[in-house]
């Protein structure tokens, strides 16, 4: 889902942002989203992924809906289906109570909701982008999506498969696309490290005092909604600025994060199952929480890298390639 017209450096900072983003996702799920750390991560990490997807949207590449629709089925919907089947089989074999089959009638496993909502968001935004004749019309439709999201949250309306989240997802996705040129231009002008620290510290300060943050998986937008939207954008800007700065450096740590950033789909699909697997089979035998978490993370990442290597060399069709 990358824009073929973007420069290698810009693609690199986007992959770095995806890498850092998915690491934050794993950390958040490893601590069950609890405490200030969990709220801090939630305040911007899923909006970040939708905005990054919008940055990568190339409307000139798909002038018609049908080719775009087919591509998104191949790269998003089918991988989601494949991994759901894998998850059901593994669950039945290793943890029968982990994901009951009847749950499929109203929700997808683990973090799979994100892939499904991204799929819907891309399709709806494609229509918005083609229907609205000018920038003002697109902005109004984006604001309309945000208002619908707020209305659904205010009325406590819940729909299956996290569908309520699609409207706020469209807002962040569309923002990424509409501000693509501005972001790519402005992000290169911030060179001072203190600005990165300030941008990333603001969401932390907000969470410390409010104990609240966005939760896109449940379409939760605390009041006042505009405040938490702004906090999300500040956190996103901090991550993008950090990644642009990081893209100008060299070293193994950068290459490691780039590798993770290019493997986000597999990590997203499998990490929660491995965390639960460790919790089921290993946690009962280790009393020291820190020691357990270190072992859990080690096992999880080893398994993830093994699966990534296998898919990249033997089964790229699983991820739509």
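Using the three backbone atoms N, Cα and C, a Cβ is placed for every residue, glycine included.
If you check TrEMBL, you get these features:
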| type | residues | note |
| --- | --- | --- |
| DOMAIN | 12-307 | domain 'Acyltransferase 3' |
| TRANSMEM | 12-31 | transmembrane segment |
| TRANSMEM | 37-55 | transmembrane segment |
| TRANSMEM | 76-99 | transmembrane segment |
| TRANSMEM | 111-128 | transmembrane segment |
| TRANSMEM | 135-152 | transmembrane segment |
| TRANSMEM | 158-174 | transmembrane segment |
| TRANSMEM | 195-214 | transmembrane segment |
| TRANSMEM | 226-247 | transmembrane segment |
| TRANSMEM | 259-282 | transmembrane segment |
| TRANSMEM | 294-311 | transmembrane segment |
Contact set, same chain, for the transmembrane segment (195-214): CB under 8 Å, 6 or more residues outside the stretch: 36, 39-40, 42-44, 46-47, 220-222, 228-229, 231-232, 234-235, 237-239, 241-242, 245
Grab the same-chain neighbours of the transmembrane segment (76-99) for me: Cβ-Cβ under 8 Å, and only residues 6 or more beyond its ends, written as numbers and ranges. 108-110, 112, 115-116, 118-119, 122, 265, 269-270, 273, 276-277, 280, 318-320
To the transmembrane segment (294-311), which of 12-31, 37-55, 135-152, 259-282 is linked by the most Cβ pairs under 8 Å? 259-282
Taking the transmembrane segment (37-55) as the reference, which of 111-128, 135-152, 158-174, 226-247, 259-282 gives the largest number of Cβ pairs under 8 angstroms? 226-247
Any residues 6+ beyond the ends of the transmembrane segment (259-282) with a Cβ under 8 Å from its own? 14-23, 25-26, 29-30, 79-80, 83, 87, 90-91, 94-95, 98, 109-112, 114-115, 292, 295-296, 299-300, 303-304, 307-308, 311-312, 319
Residue list, the transmembrane segment (226-247) vs rest of chain: Cβ under 8 Å, 6 or more residues beyond ends. 9, 12-14, 16-17, 20-21, 43-45, 47-48, 51, 146, 172, 183, 187-188, 190-191, 193, 195-196, 198-200, 202-203, 206, 212-214, 254, 257
Under 8 Å Cβ-Cβ from the transmembrane segment (158-174), and at least six residues away from its ends along the same chain, one finds 47, 50-51, 53-54, 57, 105-108, 113, 116-118, 120-122, 124-125, 128-129, 138, 141-143, 145-146, 148-149, 152, 216-219, 221, 232
